[in-house]
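Student: Pulled from Swiss-Prot, these are the listed features:
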type	residues	note
BINDING	Arg190, Gly191, Gly192, Arg193, Thr308, Asn332, Ser520, Arg581	CoA binding site
BINDING	Gly384, Glu385, Pro386, Asp408, Thr409, Trp410, Trp411, Gln412, Thr413, Asp497, Arg512, Arg523	ATP binding site
BINDING	Val534, His536, Val539	Mg(2+) binding site
MOD_RES	Lys606	N6-acetyllysine
Amino acid sequence: MSEKIYDVPAEWAKRAFVDDAKYQEMYARSVNDPNGFWKDEAQRVDWIKPFSVVENTSFAPGNVSIKWFEDGVLNVAANCIDRHLKDRADQVAIIWEGDDPSESRKITYRQLHDEVCKMANVLRNRNVQKGDRVTIYLPMIPEAAFAMLACARIGAIHSVVFGGFSPDSLAQRITDCASKVVITADEGLRGGRTVPLKANVDAALRKSSAVDWVVVVKRTGADVFMDDVRDFWYHEAAEMVTTECPVEPMHAEDPLFILYTSGSTGQPKGVLHTTGGYLVFASMTHQYVFDYHDGDVYWCTADVGWVTGHSYILYGPLANGATTLMFEGVPNYPTNSRFWEVIDKHQVNIFYTAPTAIRALMQGGDEPVTKTSRKSLRLLGSVGEPINPEAWEWYHRVVGEDRCPIVDTWWQTETGGILITPLPGATKLKPGSATRPFFGVVPQIMDADANVLEGECTGNLCLAKSWPGQMRTVYGDHARFEQTYFSAYPGKYFTGDGCRRDADGYYWITGRVDDVINVSGHRMGTAEVESSLVAHPQVSEAAVVGYPHDIKGQGIYAYVTLMTGVEPTEALRKELVAWVRKDIGPIASPDLIQFAPGLPKTRSGKIMRRILRKIAEDESSTLGDTSTLADPGVVSELVEHRQNKRHV
């Protein structure tokens, strides 16, 4: 474990919004006087009607309720666009960089206002009203931002679905929130290849009947099927509307968006975020964590289909009047230098990406990085999963030339924004550590018996107090919200992550402790992959676990028991990978499949995943007691035929 410490560079301590003394003072106030602290921070957004109540929250069993600024009224789009028009109408709001390096666009705040109003008017003309749900299934093109902000402008609730998800996954998400409209494109572009988005929507809507309209953005000009009644081209509808659209006044606790995330039960959870607290927290974390100053060019490489794209491409930066970069492509297309060429092309100052991308680029060596300048960079960030110290060191040394601090940020879809992180002018850095809690965040590490651990320790990470960006419920299923997050440790929010706290009080995230795996920074419920495998006619049973993967952080390891009489073959293995890929999406494709005559089960029939994890990690020497299994002999068979052998 790395214990190398990097001091705060002197110029950072001088220039940053927050140095160490200021961090200590602000953090103490945020936990000792949360009402006063958050009342002041909430002034960073414009309120149509000011709030009088700051916090009204309860984590109590059977009474979990989270409300912030509840009697205030505001509009997110007005805060992200309209209020900036007086002073920065001609400043670039969004730099769009296409998949093809020859395509890029700069959109000013004035242009953003006009485009968002057009999209909002198109939706209003189709009878989309406050509270209606709109599913957005778009590539990383400016229209994705326009669509999200248009929904916010008129009070519709957006549900963005990542373009890599399959028609079945899309249908599930459309049905769960009963979307009235789907906004999509003819096709997407990614790494030089096309993605059949409209065809996927057509397939999804054969399974989901709730949708009235499908709005289609022209991206590639491909010939796609258009239903005469249901489908229409966005560019044609946009010609018929004006560039003025009044904002809908929203209560702070009115929903802003639903974002589906994998759960351990297999049914994706609709994480619900509301308006006021979310925007305050996204704006505040973006300013302090990235030390965003006027004039900075900021680039978060995420997709808007994930929460990082919501909070740190769109809402946080635009609330702060920032210039934010939106990238359609991938890190290695057309070459491994693409990220660094984009940084030089647009003079990016702040760069926020995932450890998966860093590890993949690290494998390509230093030369694709060092052949570019990167002189504009002053801060690097990491998000999505814990970053291993080796990748951190490479990122710091090669990409940042030992001059850019790294903010290694820990947070979740459910948290709305960053919760544990260094602040670049305040925090000494340890490679691999998320370091210290953000303002108002009270982490507690618990043992298996629900005792709070003090000092140096390892256990399960909980949060003792609410914060404004916290999710409010699982859409349509508050009982599941309480069960998932508040039942394991009553009175506390359980993150599902393991954590270590060191002697300096720094936090090190050790990974998921529930049945969710983190693949390339994206959460995938093992039950979802298992259900897909078992749906194959030749599979009788499946168990899925994570295992260490050099690039992705965690890979997907599947144990598959076949129907009687079915022979395990390489062709069947490939067929099962393709089956899951088609059913859920490429992100869920198993990396390793082990055909298993039987799975380790307790006498009550419960699969012992702990044992399967150890075998997948090639740690079979530490399996522990297997005598309680119904058939202990299964284990030696699995160990013998494991797919991930390092130790013979």
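Quick reminder: no glycine exception, Cβ is built from N, Cα and C everywhere.
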Student: Please give the greatest C-alpha separation between any two of the CoA-binding residues Arg190, Gly191, Gly192, Arg193, Thr308, Asn332, Ser520, Arg581, in angstrom, as a whole number.
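Tutor: Comparing all Cα pairs, the maximum is 24 Å.
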Student: Calculate the distance in Å between the alpha carbons (Cα) of Arg190 (CoA binding site) and Arg512 (ATP binding site), and round it to a whole number.
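Tutor: Cα-Cα, rounded: 29 Å.
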Student: Neighbour count first, Cβ atoms within 10 Å, every protein chain included; then name which of Val534, Val539 tops the list of binding-site residues.
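Tutor: Neighbour-count leader: Val539.
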Student: Thr308, Asn332, Thr413, Ser520: which of these binding-site residues has the highest Cβ count within 10 Å of its own Cβ?
Tutor: Thr308
Student: If you measure C-alpha to C-alpha, which of Gly384, Pro386, Thr409, Arg512 (binding-site residues) come within 10 angstroms of Gly191 (CoA binding site)?
Tutor: none
Student: Validating a neighbour-count step here. Other CB atoms within 10 A of the CB of Gly191 (CoA binding site): how many?
Tutor: 14
Student: Which one is closest to Thr409 (ATP binding site) in space, judged by CA to CA distance, out of the binding-site residues Gly192, Thr308, Val534, Val539?
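Tutor: The smallest Cα gap between Thr409 (ATP binding site) and any of the binding-site residues is with Thr308.
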Student: Nearest to Thr413 (ATP binding site) by Cα distance: which of the binding-site residues Arg193, Val539, Arg581 is it?
Tutor: Arg581
Student: For the recorded Mg(2+) site, whose residues are Val534, His536, Val539, find every other residue on that chain with a C-beta no more than 8 angstroms from the centre of their C-beta atoms, and list them by sequence position.
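Tutor: Apart from Val534, His536, Val539, the close residues are Ser532, Leu533, Ala535, Pro537, Gln538, Ser540, Glu541, Ala542, Val560, Leu576, Trp579.
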Student: Which residue, out of the binding-site residues Arg190, Arg193, Arg512, His536, shows the minimum number of other Cβ atoms inside 10 Å of its Cβ in this structure?
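Tutor: With the binding-site residues Arg190, Arg193, Arg512, His536, fewest surrounding Cβ atoms within 10 Å: Arg193.
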Student: Quick check: in three-state DSSP terms, what is His536 (Mg(2+) binding site)?
Tutor: coil
Student: I need the nearest neighbour of Val539 (Mg(2+) binding site) among the binding-site residues Thr308, Asn332, Pro386, Trp411, using C-alpha distances.
Tutor: Pro386
Student: Would you list, in sequence order, the binding-site residues among Gly384, Val534, His536 whose CA lies within 10 Å of the CA of Ser520 (CoA binding site)?
Tutor: Gly384
Student: Return the count of C-beta atoms lying within 10 angstroms of the C-beta of Pro386 (ATP binding site), excluding that atom itself.
Tutor: 22
Student: I'm trying to understand the geometry here, so how far is the Cα atom of Asn332 (CoA binding site) from the Cα atom of Pro386 (ATP binding site), in Å to the nearest whole number?
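Tutor: Between the alpha carbons of Asn332 (CoA binding site) and Pro386 (ATP binding site) there are 22 Å.
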Student: Out of the binding-site residues Pro386, Trp411, Arg512, give me the one sitting nearest to Thr308 (CoA binding site) by CA distance.
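Tutor: Answer for the nearest of the binding-site residues: Trp411.
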Student: As a test of the contact definition, list every same-chain residue at least 6 positions from Trp411 (ATP binding site) whose Cβ is closer than 8 Å to its Cβ.
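Tutor: Val383, Gly417, Ile418, Leu419, Ile420, Thr421 - these are the non-local Cβ neighbours of Trp411 (ATP binding site), listed in sequence order.
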